[in-house]
Every structure is written in C-alpha cells, then in structure tokens.
Amino acid sequence: MKSALRSTPLLMIVPSLLLAMFIIGYPIIDLAWTSLQEVSRFGQLRGFNGWDNFAEVFSDPLFYGSLWRTVIWTVAVVGGTLLLSLPIALILNDEFYGRGLARVIIMLPWAISLTMTAVVWRWGLNGRAGLLNATLMDLHLIAEPVEWLATAPMAFATEILIGILVSIPFTTTIFLGGLSSMPQDAYEASMVDGAKRWDQLRYLTLPLMRPFINIAIVLNVIYVFNSLPIIWVMTEGGPANGTDILVTYLYKLAFRFGQLGKASAISLIMFGVLLVFTIIYVVMVMRAEDDGGAAGEASK
Amino acid sequence: MISKLKKTVIYWLLLAPLVIVILFPFAVMFVTAVRPREELFVYPPRWTFSQFRWDNFVDMWVKTNFGGALLNSLYVSVSATVLALLFSIPAAYALSRYRFPGKGLYRNFLLMTQMMSPIVLVLGLFRLMVAFGLVNNLNSLVITYAAFNMAFTIWMLQSYFNTIPRELEEAAWMDGASHYFSLVKIFLPLAVPAMVVTAIFTFINSWNEFVLALTMIRSNDDFTLPVMIFSQVAGRYQIEWHHVMAATVLATVPVAIVFSWLQRYLIRGMALGAVK
Amino acid sequence: MASVAIRGVEKRFGAAKIIRGVDLDINDHEFVVLVGPSGCGKSTLLRMIAGLETISSGTITIGDRLINDVAPQDRDIAMVFQSYALYPHMSVHDNIGFSLKLRKKSKAEIESSVMEAATILNLQDYLQRSPRQLSGGQRQRVAMGRALVRNAQVFLYDEPLSNLDAKLRVTMRTEIKALHQRLQTTSVYVTHDQIEAMTMADRIVVMNAGRVEQIGTPLELYDTPANLFVADFIGSPSMNFIPGVFERDGDKVVVVGRDGTRLPAPATTRATHSQNVVLGIRPEHLGLRSDGEGAAAVVEVVEPTGPNIEVFASLAGIRTCSILSQRHPFQPGQQIWLGAEMDQMHLFDAASGVRL
C-alpha cells in the first residue's frame with residue numbers, strides 16, 4: 001500500500017508532463033536540430049552546415065532592424081502599460097460609484113482576441129473613411145483625413161499605443177490582486193501615525209507592490225516580445241519592413257519566403273532570449289514562495 | 001477625507017480618455033456592421049449613416065462561411081478545454097495535496113512552458129504536425145491549445161484546490177471513505193466552481209488564438225473564426241468592411257460578455273497565488 | 001474499544017526528525033492528553049495513530065492489531081479536527097450520518113444513530129442546516145457528533161477547542177469530559193493548553209521536541225515534575241525557578257542564590273555539595289512569612305485576580321510570583337518575607353534539568 005501511495009502523485013502528473021514534453025519540448029529540439037542544417041523550401045533537411053544559418057542571420061540587416069524595433073516595441077509597450085496600469089489599479093481598488101462598470105470596461109480589451117482588435121483598429125484608422133478621422137475632423141482637430149498606417153514610423157507608433165491598450169487589463173489585474181492582499185491593519189496603523197494618502201502610497205503601497213510590479217514587468221516583457229497579431233494584422237510588418245519585429249520577420253521567413261534554416265535559427269535565438277526572462281521569472285516566483293512559505297511555517 | 005461623490009467625479013474624469021479609447025473599437029464595429037455598403041467610403045468620413053442594414057449579418061453569414069468557422073472554433077475550443085482539464089485536474093490535485101520527489105522541478109517546468117509562446121515554436125510545431133499528418137486538421141489545434149493552456153489551468157486549479165481544506169478529505173477517510181470515494185463525493189463537488197471558471201478562461205484563450213490557427217489550417221473550410229476574419233482582410237484588393245465588422249461583432253460580443261462576468265474570479269485567482 | 005500501544009515510533013521528513021522514538025501505552029477506556037508547545041510533534045503523533053502520516057519506524061497497535069500499514073479508512077478510528085472539517089456541501093444531518101452511509105447502514109439505522117448523537121449534543125434543531133449557518137460552538141458539536149455515531153474503537157481529538165472563544169472552551173471542555181465518562185471510548189486528545197490537559201486527562205503525556213518528557217496523571221505531573229521542562233509547562237502561572245549552588249552544611253542544606261541569598265532547600269541525597277541547581281517553587285506555595293523568617297523580597301507588581309492576589313517580587317535577584325489568598329495592600333518597593341514548605345519545593349539539576 002505504501003509504495004502505491006507514493007507513486008500516485010507521479011501518475012497524476014505524468015499525462016500533463018508527457019503532453020507538454022511532446023508539444024512544447026519536442027519542437028524546441030527539432031528547431032535546434034534544424035537550425036544547424038541546410039533546409040530546402042519544402043522543409044527537407046539536407047545535412048549539417050554548421051553555424052551557416054546563424055551566420056546568415058547575423059549578417060542580415062533586416063534582422064538587426066527587426067531586433068531594434070523589437071526592443072523599442074517591448075520597452076515602449078511594457079513601460080507605457082505599467083505607467084498607466086498602476087494608477088488605474090489604484091483607482092479601481094478604491095470605492096466610488098460605478099466602480100463595477102469601470103472595472104468591466106477597463107478589462108474589456110482582454111476579452112477580445114488581439115486579431116479582432118487589430119482588424120477593427122485597422123478599419124477605424126483607415127486613411128479615407130476611418131472613424132478616427134471622422135471623430136477628429138468633427139472635433140476640428142484635423143482638417144484632412146490622416147493616413148495613419150501609410151508610413152512606418154506613424155504605423156509603428158500607432159501599433160505601440162494599441163499594444164499598450166490591450167496589455168492594460170492583464171497588468172491591472174495583477175496589480176488589483178496585489179492591492180487586495182495589502183495588509184489592511186498596516187494602513188490603519190499608518191493613519192493613526194498621521195500618514196496622508198500620498199504618504200501611504202509612497203511608504204506602504206508602492207514598496208509592498210514591488211513584487212507584483214516585478215512580476216508584471218517580466219510577464220509583460222515575455223508576452224509583448226512574443227506578440228504577433230497586432231502588427232501582423234495591421235501592417236504585416238510593412239510598409240517596406242518598417243514595422244517588422246522579430247516575430248513578424250520570423251513568420252515571414254518561415255511561411256512566406258521558405259527560408260526554414262534561417263527561421264529556425266531566429267527561433268532559437270528568440271528562445272534563448274525568452275529563456276533568460278523565464279529564468280528571471282521562475283527565480284522571482286520561487287523567492288516569493290520562499291517568503292510566503294517561511295511566513296506560513298512561522299505562523300503554524 | 002474626500003467624499004465618495006467627489007472621488008467618483010475625479011476618478012471617472014481620469015478614466016475617461018482610456019474608457020473612450022477602449023470603447024472606440026466597439027463603436028466602430030457596431031456602426032460599420034449595420035451600415036449600408038454604399039456608405040462605407042464617404043468623404044468626409046462620418047459616424048452617421050442613412051439606415052440600419054441588419055441584412056449585413058445575413059449576407060455576411062452566407063458569404064464568409066461564418067457558420068462553418070463558428071463550428072470549427074467551437075469544436076476546437078471545447079475539445080481543447082476538455083483535454084486541458086482532463087490533464088490538469090489530477091496534476092493540480094497532486095501539486096496541491098502531495099509531497100513527491102521532483103515536485104519543485106515539475107513546477108518550474110510548468111512555469112517554463114507557460115512562458116513559451118506558440119510563435120517562437122511555431123516552425124517546430126508545424127514540422128511536428130507535418131510529421132504526424134495533422135496539418136489542416138483541427139485536432140492539431142486541439143492538442144496544441146491544450147498543451148499551451150495547461151500551465152495556466154494547473155496553476156489556477158492548484159491555487160483554488162489549496163483553499164479546500166485537506167482536513168475535509170482526511171475526515172472522510174476517517175469516516176471510512178476510500179481515496180476515490182472522498183475524491184468524488186467530497187473534493188470534486190467543492191472544486192466545481194474553480195473548474196468551471198478555469199474551463200471558461202481556457203475556452204476563451206483557445207477561442208481567441210490566432211498564430212497557430214493561421215499556420216496549421218490551410219483550407220477555408222477548416223478556418224477558425226479569427227483566421228476566417230483575418231482572411232477577409234489580408235491580401236484582398238476589395239475588403240467588405242461591413243461584413244468583416246458584422247463577423248467581428250458576432251465572434252466577440254458573446255465572449256466579451258462572459259469574460260466581463262468572470263473577470264473578478266481572475267482577480268481573486270491572482271490574489272490567491274496565481275501570481276505568487 | 002481498545003487499547004493503543006506505541007513502540008519506538010519515529011517520524012522523519014528527510015533529515016529532520018519530528019518524532020524521536022516515542023513509547024506510549026494507552027489503556028482501554030482511558031482519556032490521554034498529548035500536550036506540549038507548538039512544533040513538539042504531538043499533532044504528528046496523533047496523525048500517525050490516525051493513519052494520516054506514515055510511520056518512519058516503530059509500531060502502533062490498536063487492540064491487538066498492528067496498524068502501521070492499515071489505511072485510515074480501515075483503522076476504525078474517529079477523529080475531531082481542529083478546523084472541524086465539516087463537509088460544507090452537506091447538511092448537519094448528512095455530515096453526522098456520512099460515515100454510516102459509507103458503511104451501507106440502512107436508512108432507519110442511520111436515522112436513529114444521527115438522532116441519538118444529535119440528542120446527546122443538543123443539535124436536534126439544527127439537523128437540516130448547512131455548516132455555514134452554525135456558530136463556532138455548534139460546528140464543534142457537529143464535529144463531535146460525526147465521531148460519536150461511529151462507535152469507533154478510538155477517538156482522536158486534534159486541538160478541537162482552539163478555535164472557540166475562552167468561555168465556550170471551558171463549557172465544551174466539561175462536555176467532552178462528561179461524554180467520555182458516559183461512553184468510555186479510548187481517547188487521545190492533543191492540545192497546547194496545559195489547563196485543558198490538567199482538567200480533562202486521565203493521564204497526560206508531555207512532549208517536547210519530538211520526545212516524551214513525562215507521562216503521568218495530572219496530579220503526578222503537578223506534584224512531581226520529572227524535569228524543568230515539565231515543571232515549567234504544567235501550572236499557571238508557572239513555577240518560580242531560582243538558580244543557585246547546592247551547599248551541604250552538616251545537617252542543613254541550602255541553595256545559595258546568585259546574589260548570595262541563602263535559601264533553605266529540601267534535604268535530598270541526590271544532590272552533591274557545590275552542584276549547580278535550580279530551586280523550583282510554585283506560586284501558590286511561595287507564601288508570606290512574618291518579618292525575619294524565610295527570605296527577604298521586594299514587591300514589584302501586585303495583580304489582583306479576584307479570589308487571590310498575585311504578588312511579583314524580587315527574591316534572590318529573580319522575579320518571583322506568589323499567589324496569596326489575603327488581599328494585602330502591598331506597595332511597590334515594599335520589603336516582604338516569603339517562604340515555602342520543604343515538601344513543596346522542587347530541586348533540579350541545572351545542567352540536565354532532571355529532578356533531584
């Protein structure tokens with residue numbers, strides 16, 4: 001009976017483990033394997049060519065352009081999201097009339113697939129008949145319709161703003177979760193000690209929110225770095241690769257240009273970058289758990 | 001102390017710009033979906049239009065094969081959700097209730113898989129599905145969605161399972177219930193709300209997925225909704241925007257309503273330890 | 001009903017030893033209380049009897065059945081949990097009757113057993129409620145009822161009263177004791193509250209750091225604690241301890257306190273001259289003496305409790321507590337004289353803590 005009990009938990013995790021290994025583990029190995037080989041357009045492996053694929057990637061100006069834009073995209077979207085989400089979470093955590101409705105509205109973009117959001121915005125931003133132009137012209141802010149997506153810098157900036165918009169709900173949710181776990185008695189104590197709302201924010205809320213902010217940064221970096229639909233649907237990386245980031249460039253290489261060796265090399269490079277962030281995340285989670293665990297043990 | 005009324009006014013004023021930007025696409029969606037085709041491209045562009053054309057929805061349904069895509073999306077999302085839960089419930093139970101060797105390792109592995117997005121692996125996944133002959137087969141999406149959602153579902157379920165006191169099962173054992181019986185009669189009934197919430201989130205995630213569906217599915221008949229709608233926009237000279245928006249309305253509004261209703265559970269889940 | 005025999009039982013989690021070799025015989029019909037500070041292993045030991053923790057080494061027998069490898073379901077044991085562990089989705093009636101249903105008892109049989117338990121516990125009016133609708137005391141009773149209907153060989157209680165308020169705890173304490181006197185089921189009861197242990201137990205097992213410090217009836221533990229730990233743990237307020245050096249001066253024996261105060265000590269043959277010892281006197285035994293007798297002490301704080309006053313005074317450089325039944329109007333700083341009867345003093349070895 002003892003040994004049966006001992007193997008029960010292992011039996012319970014094995015199915016999930018196998019599925020994850022198969023769907024997530026295997027492609028990584030396959031990509032690593034492929035990246036070292038010459039590959040035909042149709043996916044046939046034609047033997048090892050050493051680091052040729054990587055060399056090709058690193059001599060490709062489009063790769064550097066995409067890499068650079070990926071950095072801008074990630075930093076701008078994550079930074080903008082955090083700057084907006086924290087005050088929003090603070091507002092939504094406070095009592096006011098219509099808070100329920102406000103929460104629902106702020107969370108709405110999360111409910112809708114990025115693809116649909118991007119499709120609607122592409123139409124809303126249409127240079128000729130877009131309703132954004134209609135609104136701005138009604139308000140006499142512009143005299144002529146603006147071609148929002150026609151030039152790369154303008155298109156990219158627009159895409160970043162939409163990226164921020166769709167990242168706010170998730171980030172706000174993390175912050176709301178954090179705020180709801182704030183120790184109420186500490187706030188009461190601080191009021192007795194004479195802290196004003198601003199002092200509470202500065203000396204209690206922000207320091208206590210630190211771990212949640214850290215997690216939000218890392219998770220958002222990972223999600224935004226990986227996000228394809230907005231740019232893909234709105235401009236497909238164009239015009240003239242001017243809005244390409246690594247994921248869109250990778251997707252084009254793999255499924256448009258059939259440069260599979262190069263694409264798998266880029267996949268692997270991105271995997272490496274992701275791995276670094278993931279390890280940061282895992283370490284952060286484990287540290288948070290150690291703290292929580294220690295507190296739990298002490299209270300026993 | 002600021003009065004609640006004053007706070008309400010200030011807060012709504014602060015939130016107003018964001019609320020407008022969030023609601024803008026919904027307005028665009030509705031206004032375009034019911035607009036006569038002739039009034040799509042008018043100069044200067046304007047919000048108003050001459051009459052409500054509800055027929056747009058009917059035309060769209062026929063022309064875009066919306067029904068087929070809807071069924072495909074339903075099939076994929078439901079199957080992926082069921083599969084993910086079947087694999088996740090025992091795993092979450094094991095994580096919540098047992099100590100076992102390799103537990104820490106397994107949890108870190110899950111965290112890693114949560115971070116791996118489909119896009120980075122998409123080429124490898126595609127080659128995998130080619131090898132198994134599953135390209136252009138909706139089941140390729142079922143399996144991959146289940147796998148990519150599993151980390152989230154296990155995480156979510158475990159944090160809820162942890163809130164169900166272990167003593168309840170222990171008490172049942174002392175009362176003479178077998179492990180299996182206490183699981184079925186004591187644990188699972190209490191875990192139902194958690195499982196429903198987790199299932200709905202998994203469903204929405206699958207419903208909204210784009211990259212894998214775009215890659216694995218090649219024929220129009222097998223398109224899921226996001227890919228179908230994208231195909232109405234991508235690489236076309238003439239885009240029937242009123243149809244696209246009508247399709248978007250139908251594909252998003254029901255999901256958005258369910259999600260709005262459930263979002264507080266997600267916040268609670270985060271507070272319970274999905275983030276911790 | 002049955003006896004329980006625990007032989008050389010150990011519990012290890014990896015390298016950590018939670019239980020370090022416990023031997024304990026619990027007789028049929030006996031009410032044994034395991035008591036000790038938190039983390040001493042008392043709950044773990046109880047859960048090992050229940051079968052909820054595996055036994056790393058040693059044996060546990062119930063009646064004459066070795067139960068090391070018997071599943072909790074098959075041990076014929078009932079348990080009352082600290083959190084009560086009521087099934088939230090079942091009514092009070094179904095909670096109490098659950099174990100009988102599992103045993104495939106007939107409807108009528110379940111009905112009569114549940115009613116009987118409910119009557120004993122005064123729960124007749126609450127049978128259709130859900131646990132959520134009950135007060136803390138009522139939940140506690142339902143948990144008891146669940147154990148009652150079982151007619152199990154052994155009852156286990158894991159700190160069942162610690163979630164109740166102080167007043168209710170005293171009431172339930174008496175009820176549980178009365179119940180045991182009526183049913184006579186062998187019971188093992190875990191608590192960290194020594195008053196609960198003293199009032200309820202036939203025998204107390206004092207545990208510390210995974211070991212048994214002493215086993216005995218409440219009064220045995222109170223009168224002759226085997227070591228400093230037990231002496232300190234049992235009794236409230238706890239025993240006064242005055243460290244010093246044992247000196248034999250012909251017939252007279254004294255303990256010389258750190259500040260040089262010479263205190264009379266019980267004559268014992270087991271202490272040697274100039275041995276470091278600890279003199280222990282319970283507060284209720286450290287009484288007032290007329291001036292010049294006993295030892296001089298300076299009053300620091302006086303706390304009236306109603307029936308008594310507790311006088312905290314500095315004696316031989318140590319803050320001692322005396323419980324006096326007369327309401328003396330002592331002032332802080334006042335000098336008083338305190339002393340105790342020889343047979344009410346305890347002497348312990350300072351190094352090992354063992355009673356001398």
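Residue positions begin at 1 at the first shown residue.
Cβ coordinates come from backbone N, Cα and C, glycine included.
Annotated transmembrane segment per TrEMBL: B:12-34 (among others), in sequence order. If one looks beyond the transmembrane segment (B:12-34) by at least 6 residues along the same chain, the residues whose Cβ comes under 8 Å of a Cβ in the stretch are 40, 47, 49, 52-54, 56-57, 241-242, 245-246, 248-249, 252.
Taken from TrEMBL, the feature domain 'ABC transmembrane type-1' covers B:70-262.
The transmembrane segment annotation in TrEMBL covers B:74-95 (among others). If you look at the transmembrane segment (B:74-95), the same-chain residues 6 or more away from its ends with a CB under 8 A from one of its CBs are 103, 106-107, 138-139, 141-143, 145-146, 149-150, 153-155, 157-158, 161, 183, 187, 195, 198-199, 202-203, 206-207, 213, 224.
Marked as transmembrane segment by TrEMBL: B:116-135 (among others).
Marked as transmembrane segment by TrEMBL: B:141-161 (among others).
For B:182-204 (among others), the entry in TrEMBL reads transmembrane segment. Listed by sequence, the residues of this chain that lie at least six past the ends of the transmembrane segment (B:182-204) yet keep a Cβ under 8 A from its Cβ atoms are 77-78, 80-81, 84-85, 88-89, 93, 149, 152-153, 156-157, 160-161, 164, 168-169, 172-173, 255, 258-259, 262, 265-266, 269.
Among the features that TrEMBL reports, transmembrane segment is placed at B:241-262 (among others).
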For the transmembrane segment (B:116-135), what are the same-chain contacts with Cβ under 8 Å, counting residues 6+ beyond its ends?
143-144, 148, 209, 211-212, 215-216, 218
Tertiary contacts of the transmembrane segment (B:241-262) (same chain, 6+ residues out, Cβ under 8 Å):
28-30, 32-37, 40, 53, 56-57, 59-60, 63-64, 66, 70, 73, 197, 200-201, 204, 207-208, 225-226, 228-229, 232-233
